[in-house]
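Straight from TrEMBL, the features:
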- 1-186: domain 'Major facilitator superfamily (MFS) profile' (DOMAIN)
- 205-395: domain 'Major facilitator superfamily (MFS) profile' (DOMAIN)
- 7-30: transmembrane segment (TRANSMEM)
- 36-58: transmembrane segment (TRANSMEM)
- 70-89: transmembrane segment (TRANSMEM)
- 95-117: transmembrane segment (TRANSMEM)
- 138-156: transmembrane segment (TRANSMEM)
- 162-184: transmembrane segment (TRANSMEM)
- 204-225: transmembrane segment (TRANSMEM)
- 237-261: transmembrane segment (TRANSMEM)
- 273-291: transmembrane segment (TRANSMEM)
- 297-314: transmembrane segment (TRANSMEM)
- 335-355: transmembrane segment (TRANSMEM)
- 361-381: transmembrane segment (TRANSMEM)
């Protein structure tokens, strides 16, 4: 592994440790420390998040013009500014401003990160580099969450401010590592080639759509599991945290193993398998309603293994396919557009979770159906994407 690749993984680990410290606590911080009522706090944070949706197209153009490293560093600094603004916020107005800064930085980050990982990896298939980055980020995010829990346990409310301050510092440190230890790659120059436009590339748009159907399951898991376990099943308060911790452990150690086990599959086939596993997870999770109360904890923990398997199989292959299917002169714009698959899913997930108020089975059926549609859609899409992008990648 090259020095620049190690430096990038270190920067990503530090970044995600800080994110794990604060992101899960953002809404709680606004209500308990800033003192904004819950309804107003939720609206303020949501407005900020929606404001960040305009960023990916601009980020993609920047990446194609100046290269991904500069854009990722700018994203880190914006997120540091957002964390600092949260620290200074005293009412709903400044909270919206802080949320806009943080969301803008996050969208800028995700719209440029995967081009940077691809550049640092060099001229090799990107499945393994994406898997390694995902493992580091998942593990460090989980460590950040544990550190935040420790701070809150020992220091109470002041622990929120410490977690937020450390989060801001981690963004600066990550930016410094990228600036000094990751070389600046030159953007791909366009020499008389026809300009590539994402909106005219129907197969790539279909890839974004079907990846978004898969992505809905990811966000539904994160915000829907606590609601289902606590509000609908009346399970123990520690169970959602245990489920998330189990997922974090599995995804932080299993990425490269999943690649080896699916090495003979094309990227499309692996993504279809991951989507099928998510559909199975929805069916299995819904089955908990038929399980006796005494067995529900074990049942839900085991069902998390199915979800983790789907995430591990789909994740690295989807990123590698999206990168390989993008024209070199427009990788920034293409991969920035690809992030909308997961950004839109993140926006829609709370509305899907709200359907638990209608019926316990309804969100599971909806999310499972979306995953099933992804399986079918990806199967029809494979022949329309470049064969070199669909072929299995091994690094």
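Just so you know, glycine gets a Cβ as well, placed from its N, Cα and C.
TrEMBL labels come from automatic prediction, so no person has curated them.
Note that the structure is a prediction, hence the values are computed from the model and not measured.
Residues 36, 38, 41-42, 44-45, 76, 83, 86, 89, 95, 99, 116-117, 120, 132-133, 136-148, 151-152, 160, 163-164, 166-171, 173-175, 177-178, 181-182 of the same chain sit 6 or more residues outside the transmembrane segment (7-30) yet have a Cβ under 8 Å from a Cβ within it. Pairs of Cβ atoms less than 8 Å apart link the transmembrane segment (335-355) most often to 361-381, out of 138-156, 237-261, 297-314, 361-381.
Residues of the same chain lying 6 or more positions beyond the ends of the transmembrane segment (36-58) and with a Cβ under 8 Å from any Cβ of it are 26-27, 30, 91-92, 95-104, 106-108, 111, 333, 336-337, 339-340, 343, 346-347. In this chain, the transmembrane segment (297-314) lies in contact with the transmembrane segment (237-261); the count of Cβ pairs under 8 Å, excluding pairs fewer than 6 apart in sequence, is at least 3. Of the Cβ pairs linking the transmembrane segment (273-291) with the transmembrane segment (70-89) and spaced 6 or more residues apart, fewer than 3 are under 8 Å, so the two regions do not touch.
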